[in-house]
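Chemist: From TrEMBL, for reference:
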{"type": "DOMAIN", "residues": "23-71", "note": "domain 'Ubiquitin-like'"}
{"type": "DOMAIN", "residues": "298-338", "note": "domain 'UBA'"}
{"type": "COILED", "residues": "318-360", "note": "coiled coil"}
{"type": "DOMAIN", "residues": "370-410", "note": "domain 'UBA'"}
{"type": "COMPBIAS", "residues": "505-514", "note": "compositional bias 'Low complexity'"}
{"type": "REGION", "residues": "505-524", "note": "region 'Disordered'"}
{"type": "REGION", "residues": "560-583", "note": "region 'Disordered'"}
{"type": "COMPBIAS", "residues": "561-574", "note": "compositional bias 'Low complexity'"}
């Protein structure tokens, strides 16, 4: 009889295990009994290998299990994915996410007129916009949006769903990765066409680490070998982006320690992979380093109360203290600056929102792009009427010189003005006819309605004027008219706010973009856009390390339970284990 050490769904020591007589089902039943779950929901892993039932006659000793061997027990769904219905729902959601991300990145990457009242911009950590080619911009947007959606799913504990989305994000990043390598090659020959900023972002490294975190939370030991490869890529990517010992990142972020939680998670995952690969000393080194970082990230109640006493919420106070090494004064300064940045960002967003609404007034160019507001402002600043200048830019695909040629040519200038006035009159007639038909449908006499509308005034004024002329011939229509009259006040209130937009829209070229009429998954697009809106430059570094702390203690205990002699005895078998895992 020997002892086996178990961790995972249940942690402890199994006494009196008969290695010569026990089978995998026997061991699984004992672990399940202590975990208070069904044996069918338990997976057993030893030395990086999944223990399978086989024919039920193979003994534990024949599988290489020895006294004091370490067993990892993980819980899985009994029906391997719950049901086909759940699988189908997941696939449908993934398809919706991919379609929505593709639609958003396409619309917001090529200068097309946004269908929404917002615009997606790619910025670095300092808030500077990245100016990229259309294809690079679209690929980068897709990768970022999918990665963000995956992170949201991770926070909700939906790690399987998150992993599927992160796999799609990796495909989006792959193009940029390949392009970046080719660009570096071309730079050797003097051709500078790739943005240096793309070669120094840590998004790809973060994606690799997030995928391995999903493996860890799903207890998917089958991904052990690929996990090691992903973590190597993550560490290389972080060093390239952050500099040696995160020196570049600290310089960018004024010396704060926002990266601590990221490197804590990275080292924990590296320790887990090393442990299950039989590299026990390497695992211990990573765990001790991660434990040191974990202690640095713990916020004392005294310091927290000081910061909260300055009027900040608990969550934002903890975040600021973790980033600023528990320094209350620096944390308060950080929070004040952060609020100021958010206020400025909000003003910029409102300004951009107003610009988009203005762009919609002017219609789209022949290639279905929006009128460039900056170019329009430049033309207005030298004396051209705004609507006229916008139409000249629209006609000439935002080519300032060609627009100037048209504006300074009396003949083309007159043609543009005539077209604007013609469209304005047509639009006004359409609006008037629509209002006449609406009011006449309530039972009023058509000629009387036409005269009242031509006389001018709000809908409420027109309705009152018609009711004063005499009763309606149809009582039911009269009731309908009264109800419409009551609603007119609210309708006119909303209409009054859009008077300027409606007036300018009358001058605009009717949008010819086919995407205006294409079916859209508005719900999913809004969900993704809202997820992006809630993130900031430090969101990726803001990690709750509670689970990491538990895992560090768990794996240190497993290492301690083996003893130094056990660690030395297992050295001879490591090469075989690692080879088996890689295969």
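Placed from the backbone N, Cα and C atoms, the Cβ positions cover glycine too.
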Chemist: Residue counts in helix (H, G, I), strand (E, B) and coil for the domain 'Ubiquitin-like' (23-71), per DSSP?
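Modeler: Across the domain 'Ubiquitin-like' (23-71), the residues distribute as 19 helix, 12 strand, 18 coil.
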Chemist: As a test of reading the model: what is the averaged pLDDT for the coiled coil (318-360)?
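Modeler: Mean pLDDT for the coiled coil (318-360): 85.
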Chemist: Could you break down the residues of the domain 'UBA' (370-410) into DSSP helix, strand and coil, giving a count for each?
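Modeler: Taking the domain 'UBA' (370-410) as a whole: 29 helix, 1 strand, 11 coil.
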